[in-house]
């Protein structure tokens, strides 16, 4: 008995120095992580990267959520292990095949429970009952949720890094817009045939013009030259013409980079619908269905479909340029519109990318978890080569989504009808919001002054006796012969005006009349500013 207890000592049997060392290590590691995140947040603020700071705050929120889940699993471990269900219900929808070894292990576990005088499984005391989830299985689930969150955040950071790496080439194209060669290319005095422009020739070739082959061309184009220099410059000019002045010196590359950072704070989090998707995958992971095998190709299909659709948007804009005019003046002008996107919603593209990143992280986390946990490798990886293929597909999908699809999304979705709020710098946005706030306050003052002015007008105009008494309503009344005569009631004189309007209201009205006229003029001049809308349509 003593030998059996030597490997499972409880806290009273543990040396104090061992407890202190373990606690010190845990506290120091946690404090170092918290201090590092705090310094990183300050670094983002100093460099005026508010979107990245918000993304870091969302990562902190995910870590807090993990802490709550960990706490709930620890607290609820004992109560859940005492929830008993019939063995018939416990033997259906299993993720692994219940073989002879499992049956023998279950029998041996039952014998050990009986030998331990009820010190084992709580539900083993009842005939035909088993626990809903054992303490060991809850511990394994706890580890899986932690691994899933770590992989999701890691994949999002990789996506952002590879996307920024791809966009570095676009910065060189942006700098060329200040050259004389570019100014000559977009000179409005130049006339060219539409089909001779580089943008139209690239996207409306012999195969691209055929409706049936256009989707095939768009599918393969996302792998080879998804965004070229002529594509970037044409969409840049179209965005400036639609939302800014034509000769504006606008840094389109910097705007896209800010938009990408703003979208990153969306994809880095795990929303409630994504948690439900993960729970659904766990529920469908039944032996014989091969759910984890065929569902691993779903994010790949989504990414390829999204990339093809984005390339199709560029082709449709080129087709519209050709259909609009045979001869163009200056550079070809694309017209941003939501009609190019699914259901006129460009923000749906970001949702599909977010779903893909989460699902891919789920697959990789499940693979690492089952390979590292003793006893799960044989269950979930009966065909190890098929599992290796899943890993290769997942890695390829991550590179494709990060280096091709995500930057392509950042560029093409700017061709929607609305511009994002990142069109302004952070300080400019704060100034506009403060301006709007002050204008709303002035509008409230103006409305209050107008109300008091109306009260003063009513105060100065005496009410007529006709409207003060209801006797005039009897002029059209014809008395019947059988009606008894009724005495005529003379209306009482109207009440004094001091009774009709209390003293505070009258005093306030007189105070309004004594106010200088420039104060009321300033309040009325802010009406248009207060009614202005400084909100921006966020395409996400």
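Note that Cβ sites are derived from N, Cα and C of the backbone, with glycine treated the same way.
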Residue 191 vs residue 381, membrane side identical per Swiss-Prot: no
Segment assigned the feature transmembrane segment in Swiss-Prot (from 288-308, 309-329, 414-434, 435-455): 288-308
61-81, 82-102 - the range that Swiss-Prot marks as transmembrane segment: 61-81
Highest-contact recorded stretch vs the transmembrane segment (348-368), from 17-37, 61-81, 288-308, 384-404, CB pairs under 8 Å: 288-308
Candidate ranges 17-37, 143-163, 266-286, 384-404 - greatest C-beta contact count to the transmembrane segment (61-81) (under 8 angstroms): 143-163
For the topological domain 'Extracellular' (369-383), the mean pLDDT of the predicted model: 81
Range from 17-37, 266-286, 384-404 with most C-beta pairs under 8 A to the transmembrane segment (143-163): 384-404
Structural state census, the topological domain 'Cytoplasmic' (38-60) (DSSP three-state): 20 helix, 0 strand, 3 coil
